[in-house]
Amino acid sequence: MATSSIRSRALGLSRRARFETTRLPFIGRRYKSDETLNRISSKITQPKSQGASQAMLYATGLTEEDMSKAQVGISSVWFEGNPCNMHLNDLSGIVRDSVLRAGLVPMRFNSVGVSDGISMGTAGMRYSLQSRELIADGIETVMNAQWYDANISLPGCDKNMPGVLMAMGRTNRPSIMVYGGSIKPGCSAKGQKLDLVSAFQSYGQFITGQIDETERFDIIRNACPGKGACGGMYTANTLATAIETMGMTVPGSSSCPADDPKKLVECENIGEVVKNMLREEIKPRDVMTRQAFENAMIVVNVLGGSTNAVLHLIAIADSVGIKLTIDDFQAVSDKTPFLADLKPSGKYLMNDLYSIGGTPALLKYLLKEGLIDGSGITVTGKTMKENVASWPDFPADQDIIQPLSNPIKPSGHLQILRGSLAPGGSVGKITGKEGLRFEGTAKCYDYEDAFIESLERGEIKKGEKTVVIIRYEGPKGGPGMPEMLKPSAAIMGAGLGQDVALLTDGRFSGGSHGFLIGHIVPEAMEGGPIALARDGDRIVIDAEEKVVDLDVPTEELDARRKQWKAPPLRYQKGTLKKYCALVSDASHGCVTDGPI
């Protein structure tokens, strides 16, 4: 079958010819499969009343025997304009052939995507979080309208992962994710290991005179050497690892680099995996249980993962009918040590973790230490514990994952803070390297670029304790809750990490580090206290007490509230206008179909 499929492609034969490479026994005017795997697609391929449906399918190249086979929707978030996604069409072709070899009918389709790295710091970033909903809605639409029996999704960039998982949760048909993989590290002319965050931080270094133009250009020219998602424990790798932990990928998918031959092997073998899922009726809601989400939250904290995991795991849980809250994250963070010396706060990249065994070795270690539960079923049909049992242990001399006896921080870095500035909650990314308490005077900016301009003018001084507030960047105010990587990277690049805390109703990239508090609820557009803060106000952030307070008398805040007026929405037409009308707040995952 494999040889026949390769020969068919080489000769440039039609899709119909490729489908004809394997035939089932002919019985009368029907072809019969030895298994009934087409439980969904049979609704259109079998009834005489659906003859027009069948005529259309014959036109796509299906044969008579194909009408009795299960149909697998292969959804790729491929587009050329992003290294995270540019190779996914090639991978989906390998997946298609694998599905064909398994005796199933592959049906490829595509979804939209946004490059967070390219759109970062621009109005384009307002479309990023909203693309998660478009991906989920698009895959759900095609899977249901086309009556596909199973789904294989190939995501690459940040919002791709939660988008495809939300669609899987909604449709609840046998589904599996194949992660596109991480990019290799870049290298500067001086031999310095680089990644995308190096490029973002180079601007702060440049405007403060730490590097010249030649050095700046060397960094941006060499930071991203090819295909794959951003290489640190940023949002894409955080989500991919969490999803593998939940059991929705084959072992090793999240840590295997984009250009590693094993990524091709993963795609070549995926057809039999999904066939077994169809046979055993393993569905997303069987895999993504509350315990699976508990495991995912633990692993995110162990790895020092992105704050976006809070938003996205809440939304994925919502899609399978599980109510996950920001308080669940705090409960996990309180009992989970931070162990991984990975960027952005550490020095290693995902490729380095892969070199010592990757995600399966990490899960095996955490199982041995009793931090996670390995009893849940996964897409392989086995439990997590069974999946990793034969996987090699971490080498004894590795220093990427610290032992439990010597954690980087004894509790998690994700902190849920409430207080007079964020009564509905906020999410802090506090590794401990920047301290656990910050007190300073507010400098308020109503949009991201206003802060960058202020930094360029030298208005943020080293030695002064400043709390930068960037507001009207929430789900409705942004809209789309854009990420503040450009400001946070500029702060760190300018050497102001110990002098500045950054608060926002927007989000932070997984590449951000420093004293950062985002996801502030209520957002400024809704009249939350963040909208009432003024330059010179005293702000107190205490990670141990889990508070973020605006130290202004109640009477003064009441007076300011009476004077406050909501600004007009930035978009009065189009997809972002619709998004503003539907989106929930950050504490409820920014879902658009109503939180459970």
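Note that Cβ sites are derived from N, Cα and C of the backbone, with glycine treated the same way.
Small disclaimer: the values here were computed from a predicted structure and weren't measured.
The annotation in Swiss-Prot ties Cys84, Cys157 to [2Fe-2S] cluster, and of the candidates under consideration, Cys230, Cys256, the one tied to the same site is Cys230. The Mg(2+) site in Swiss-Prot is built from Asp116, Asp158 plus one of Glu464, Glu473, Glu483, Glu523, namely Glu483.
In this structure, the binding-site residues Asp116, Asp158 were compared by how many other Cβ atoms lie within 10 Å of their Cβ, and the smallest count belongs to Asp116. With the fewest other Cβ atoms inside 10 Å of its Cβ, the least crowded of the recorded positions Cys84, Cys157, Ser509 in this structure is Cys157.
The binding-site residues Cys84, Cys157, Cys230 include none with a CA atom within 10 A of the CA of Ser509 (active site, proton acceptor). Under the DSSP three-state reduction, Glu483 (Mg(2+) binding site) is assigned to strand. Other than Asp116, Asp158, Glu483, the residues of this chain whose Cβ falls within 8 Å of the Cβ centroid of the Mg(2+) site are, in sequence order, Gly117, Met120, Met125, Ser128, Cys157, Lys159, Thr235, Asn308, Leu485, Arg507, Ser509, Gly510. Within 8 A of the CB centroid of the [2Fe-2S] cluster site residues Cys84, Cys157, Cys230, the other residues of that chain are Asn82, Pro83, Asn85, Ser115, Asp116, Gly117, Gly156, Asp158, Ile183, Gly228, Ala229, Ala236.
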